[in-house]
Amino acid sequence: MAINRIAHGSLFLTVVLFFLTVNYGEAIWLTIPTTGGTKCVSEEIQSNVVVLADYYVVDEHNPENTPAVSSKVTSPYGNNLHHQENVTHGQFAFTTQEAGNYLACFWIDSSHHLANPITLGVDWKMGIAAKDWDSVAKKEKIEGVELQLRRLEGLVLSIRENLNYIKDREAEMREVSETTNSRVAWFSIMSLGVCVVVVGSQILYLKRYFHKKKLI
């Protein structure tokens, strides 16, 4: 009975981990055109998050002579995090320094003359999915259900951090929206005041003009 409970518990944790890790690791397939086209992928990531990615060219039309691509990864502020040229496969890894949109772009060098577009696979992992759990298990001598519980704990912490990040972003956006609305309201009041002053001055001018001409 105890063994069955452990087995069922292990299966439950495995299923939970599978669904929770979907958003933290994903494989992306890009079709890059041959005529100087660039394909980019982006991800909104908070600060202090580990990001790992492998990319590789898949050419079904010419598997023996795989074409090369160039790649560049930039931070939200435009800092260069990774740059390689003319490779068939590569990898980049970094820890985010600031929250925001991280951009990875891939393109074919114009000197290559290809008849067909190429397919590029990008295995993008971040946060808890990028952690080397085999090394953790060997270092701390844990396995089975205990290891899965440790992974589940890490996932819960990561999800909580993401929720806090979303909450903070929402508060920032709300503050910006309130500030903008306040400025628009003051601008409307000032515009109305200017219109009243202009209309009043026009009325006074016309009144003086008519008095001068003895029309009234």
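Backbone N, Cα and C atoms are what each Cβ position is placed from, and that goes for glycine too.
Taken together, the residues of the coiled coil (137-159) have an average pLDDT of 71. The coiled coil feature in Swiss-Prot is assigned to 137-159; the stated evidence is sequence analysis.
Per Swiss-Prot, the feature domain 'GOLD' maps to 38-151.
The Cβ of Asn86 (N-linked glycosylation site) lies under 8 Å from the Cβ of Ala68, Val69, Ser70, Asp109, each on the same chain and at least six residues away in sequence. The secondary structure of Asn86 (N-linked glycosylation site), as reduced to three states from DSSP, is extended strand. Under the heading N-linked glycosylation site, Swiss-Prot lists Asn86, citing sequence analysis as support.
Spatially close to Arg169 (omega-N-methylated arginine) yet at least six residues away along the chain is no residue at all, judged by Cβ distances under 8 angstroms. Per Swiss-Prot, omega-N-methylated arginine is recorded for Arg169 (among others).
What Swiss-Prot lists as omega-N-methylated arginine is Arg174 (among others), and the listing cites similarity to another entry. DSSP gives Arg174 (omega-N-methylated arginine) a helix state.
The motif 'COPI vesicle coat-binding' annotation in Swiss-Prot covers 209-216 and is backed by similarity to another entry.
Annotated signal peptide per Swiss-Prot: 1-27, in sequence order, evidence recorded as sequence analysis.
Residues or ranges marked as topological domain 'Lumenal' by Swiss-Prot on the basis of sequence analysis: 28-183.
Positions annotated as topological domain 'Cytoplasmic' by Swiss-Prot: 205-216.
Summarising the annotation, Swiss-Prot assigns transmembrane segment to 184-204 and lists sequence analysis as the type of evidence.
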Protein Cβ atoms within 10 Å of Arg174 (omega-N-methylated arginine), excluding its own: 10
